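Below is one structure, written out as structure tokens; the observations come after it.
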Amino acid sequence: MINLTNERTGMIYIIIAGIIWGLGGVVGQYVLQYKHLDAAWIISIRLWIPGVILLTLCYRKHKKAIFNPLKTPRELMILLFFSVVGIMNSQLSYFLAIQYSNAATATILQYLYPVVIAIILAFYLKKRPSFALIISIILALVGAFCLVTDGSIDKITLPPKAIIFGALCVVGSVAYTLSPIPLLQRYNTTTIAGWGMLFGGIILNCFHPFWHISGIIDFASVISIIFIVLVTGMIAFLLYLIGVKLLGSSKGSILATIEPLAAAFFSVVILHVDFNIVDWIGAACIIAMIVILAKNKV
């Protein structure tokens, strides 16, 4: 009975986190396209503020142990790679992809990363591609084709910059997933995430200081920024971590596919984004790909 209760709680937490992330992309589109805020500025504060909060929470529990990942050059280099190529790149590229397209398309393109990871692991482990992986690759290609071309062979409907930043977001998501594995085997997940966010935020602030604000700042902008920074950047992250701990990573990754669905739904309902039947087919292909990969543990 306790396990069943934990499983239900984990499911609820992951679903809530996925919906929050999906809505966060739509809120991001709103401040980028309607309030003309700078993507790098938004991500800089979205990284360093949650980073400081997470590390503060970790310090209360683990004390000076949170500084251990910084003590050896090798682990520090892995942490910096995770921070810059993983966290910072994935989040900044995601918001730039939103800026040049919309939240629904950017979120769905981002979710191509699991099949890239599966391909990398198959090569690394020198395993022959399984039937599930082959089907997943086909679904990923069909899904991406639908989103980029609207199903027309002779034209690309998605802006080139949206495609480029969408691809960079996939690269960042792969790095975000794979690069910290050696650190996560030794240290607390929240500690590593906190340092990754903090370093990424500090680096972005060197180019886009948080006190240099461009765009329209009004009540709606402030509420939107608070939602992006604290609710999607930290609360949803913690809910997802707790949910995965209670439910397991395989089921958790399947339930997390609610994020692109939520992004598409809120984009259409709130911002009236034109998301046609071909786009929905593309989204369905990519979500099916994620479910197959998760269920078969490819």
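Even glycines carry a Cβ here, placed using N, Cα and C.
Residues of the domain 'EamA' (9-148) grouped by DSSP class, helix first, strand second and coil last, total 123 helix, 0 strand, 17 coil. Marked as domain 'EamA' by TrEMBL: 9-148 (among others).
Residues or ranges marked as domain 'EamA' by TrEMBL: 162-293 (among others). Confidence over the domain 'EamA' (162-293), given as mean pLDDT on the 0 to 100 scale, stands at 89.
Taken from TrEMBL, the feature transmembrane segment applies to 12-33 (among others).
Outside the transmembrane segment (39-57) by six or more residues, the chain places 28, 31-32, 66, 87-88, 91-92, 95-96, 98-99, 190-191, 193-202, 204-205, 207-210, 212-214, 225, 228-230, 232-234, 237 with a CB less than 8 A from a CB of the stretch. Residues annotated as transmembrane segment in TrEMBL: 39-57 (among others).
Annotation comment: TrEMBL describes 78-97 (among others) as transmembrane segment.
If you look up TrEMBL, you'll see 103-124 (among others) marked as transmembrane segment. Taking Cβ pairs closer than 8 Å, the transmembrane segment (103-124) reaches residues 21-22, 25-26, 28-29, 90, 94, 97, 133, 136-137, 140, 143-144, 147, 158, 162, 165-167, 169-170, 173-174, 177-178, 253, 257, 259-260, 263-264, 266-268, 271, 273, 275, 279, 282-283, 286-287, 289-290, 293-294, 298 in its own chain, all 6 or more past its ends.
Marked as transmembrane segment by TrEMBL: 131-150 (among others). Within the chain, the transmembrane segment (131-150) has long-range Cβ neighbours (under 8 A, six or more residues past its boundaries) at 105, 108-109, 112, 114-115, 118-119, 122, 156-158, 163, 276, 278-279, 281-286, 288-289, 292-293, 296, 298.
The transmembrane segment annotation in TrEMBL covers 162-181 (among others).
Long-range Cβ contacts of the transmembrane segment (193-213) within its own chain (Cβ-Cβ under 8 Å, at least 6 residues beyond either end) map to 37-38, 40-41, 43-52, 54-55, 58, 66, 69-70, 79-80, 82-84, 86-88, 91-92, 180, 233, 237. Residues or ranges marked as transmembrane segment by TrEMBL: 193-213 (among others).
Distant neighbours of the transmembrane segment (219-242): 10, 13-14, 16-18, 20-21, 23-24, 27-28, 30-31, 35, 37, 42, 45-47, 49-50, 53-54, 189-190, 193, 197, 252, 256; these residues of the same chain sit at least 6 beyond its ends, with a Cβ under 8 Å from one of its Cβ atoms. The annotation transmembrane segment is assigned in TrEMBL to 219-242 (among others).
According to TrEMBL, the feature transmembrane segment maps to 254-271 (among others).
The annotation transmembrane segment is assigned in TrEMBL to 277-294 (among others). Counting only same-chain residues 6+ beyond the ends of the transmembrane segment (277-294), those with a CB under 8 A from a CB of the stretch are 104-105, 108, 111-112, 114-115, 118, 132-133, 135-136, 139-140, 142-147, 150-151, 250-251, 253-254, 257, 260-261, 264.
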Q) Can you name the far-off residues of the same chain, 6+ from the ends of the transmembrane segment (12-33), with a Cβ under 8 Å from a Cβ of it? A) 39, 42, 94-95, 98-99, 102-104, 106-107, 215, 221, 224-225, 227-228, 231-232, 235-237, 239-240, 242-244, 246-247, 252, 255-267, 270-271
